[in-house]
Each structure stands twice: as C-alpha cells, then as structure tokens.
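Features reported for this protein in TrEMBL:
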DOMAIN    44-135  domain 'Link'
DISULFID  Cys90-Cys111  disulfide bond
REGION    152-182  region 'Disordered'
COMPBIAS  164-176  compositional bias 'Low complexity'
TRANSMEM  200-220  transmembrane segment
REGION    250-269  region 'Disordered'
COMPBIAS  257-269  compositional bias 'Acidic residues'
Amino acid sequence: MNIIWLCLPAALLVTSALSVQMPDIRNLRVSPGFNQSIAGVMLVTSLNELNQPEYAFNASEARRLCWSLGLNIASKAQVQKALSRGLETCRFGWIDEHFAVIPRIHPIPSCGRNKSGLVPWRASVKQKFDVFCFNETDAAIQRLDEVTDSPLKSTHGVGHTHHTTTPPSTSSSSTPETLDSEIEPARFASSSQSFTAGKAVLIFCSCALLLLITIILTYLKLRRCSQKSDVKEQKEYIQTEEWICVKTPTETKKAAEEDERIEVGDDAQ
C-alpha cells in the first residue's frame with residue numbers, strides 16, 4: 001500500500017502537466033501580432049463564439065497560456081519598455097507581478113481611465129483579463145536590429161581637412177527585416193512543435209505510470225488473495241487436528257470399555 005501512496009502523487013503531477021494543453025490559436029488574438037511584437041511583448045486576447053474579444057484568463061491561467069505558446073508572461077519592466085517603443089492597447093492584461101496593466105500613450109476616456117503611461121489595476125488574482133506575453137527571441141532579434149542600425153559611421157582621412165560620412169546601406173538595413181520575417185514564423189512553429197513533442201512524452205509517461213500502478217495493484221490483490229487462502233487452509237488444518245485430538249480419546253475410551261465387556265463375558269463363562 002505504501003507503494004500506491006507514493007505513485008499517486010506522481011500520477012497527479014503528470015495529470016496536472018497534461019492539463020496545460022496547446023490552445024487553439026484560432027480562438028486567440030495577438031496584438032500587435034505573433035511575429036510583430038514590440039520589444040518582445042505582445043497582448044494575447046481570447047475570442048468568443050462571435051469572434052469578439054473577451055477577458056478570459058485569471059492570473060494563473062494567463063501564465064499557463066504564455067507557457068503553452070512557448071513564451072513567458074511579461075514583467076512590468078518589459079511592458080514599460082514596450083510602451084516606450086510604441087506599444088499601446090485599450091485592454092488590460094496580466095503581467096508577472098500578479099496585477100493587470102494597460103499601456104497608454106494618448107489618454108482617452110474610454111481606455112485606461114483617461115490616463116497615460118502604464119496604468120495598473122490591482123484586482124483579485126481570480127479576476128479575468130488578457131495577458132501580456134514576452135518572447136525573448138523576438139526581443140534579442142530587435143536588439144540586434146538596433147545594433148545593426150547604430151549611428152552613422154565616420155571616416156576621417158589622414159592629412160585631409162574634410163571628412164566623409166557613410167550612411168548605412170539600404171541592403172544592410174533591410175536584411176534584418178527580411179530575415180526577421182522569414183525566421184519568426186519558423187520560430188513560432190518550432191515552439192509549437194516542441195510543445196507537442198513534450199506533450200507526447202508526458203502522455204507516454206502518464207500511460208506508463210498508470211500501467212505500473214495497475215500492475216502493482218493487481219500484484220497486491222493476488223498476494224492478498226493468496227494470503228487469505230493460506231490462512232483458510234491453516235484454519236482448516238487446525239480444526240482437523242483438533243477434531244482428531246477429540247476423536248482419539250473418545251475412541252480409546254470406547255475400545256477400553258469394549259475390552260472390559262469382553263473380559264467380563266469371558267470370566268462369566
């Protein structure tokens with residue numbers, strides 16, 4: 001029985017891991033887009049049956065959703081950086097610090113309580129909002145783009161009173177964008193494939209664990225039946241021995257009485 005209690009927590013752990021399934025991307029809307037994050041940050045929104053956006057994730061569900069997409073939930077600092085680079089939404093989203101925010105560049109009454117900047121909403125963790133996810137790969141590529149588009153290079157000729165400035169070529173500045181558009185869909189597909197592979201491994205492990213538990217339970221049941229059978233046979237043997245012990249003195253007494261009657265009959269003759 002101790003083995004069973006040790007296996008049950010492992011089974012529950014595998015079951016909980018399997019509960020984090022790859023969401024249907026058709027029911028999600030990503031702003032500004034899966035391949036168009038700003039500083040690696042994107043807002044993920046759930047769509048209802050009418051294809052209308054709705055708040056659908058509490059704090060824990062929001063974090064799991066980002067994980068299932070192969071991303072992390074964004075931190076306040078990451079969303080703040082994205083805001084400084086132009087990210088603006090009209091919907092609140094969960095962040096890593098367990099409260100919701102809405103990034104606003106221009107204050108309007110219908111969004112973010114007519115405020116600008118990173119507007120917080122410290123609601124209950126059970127409250128449902130959207131979620132800000134963070135793609136570290138996107139952020140790294142965008143940082144690389146910044147380095148590629150660094151300030152203009154100047155060359156100074158020795159012995160000359162003038163200098164020439166070489167602007168970045170059109171081909172070099174456009175190359176990262178081309179590579180970005182080619183790499184990002186493949187990267188998202190790769191994250192989906194890796195999650196599918198991980199899910200398959202978890203399913204296999206859970207099936208193997210359940211099979212092991214079934215074998216252990218069957219073994220313990222057979223062992224218990226065998227022990228009951230041995231105890232029953234032992235009781236029957238003890239009862240038989242007791243019956244023989246009781247029967248033997250009685251038969252001996254009857255035989256002695258019979259011998260006495262025979263002897264008395266012989267004396268009488």
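Note: Cβ is positioned from N, Cα and C throughout, glycine not excepted.
All annotation found in TrEMBL is predicted automatically rather than curated by experts.
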Ranked by how many other Cβ atoms lie within 10 Å of their Cβ, the disulfide-bonded residues Cys90, Cys111 are led by Cys111
Secondary structure of the domain 'Link' (44-135) by DSSP, residue by residue, totals 22 helix, 29 strand, 41 coil
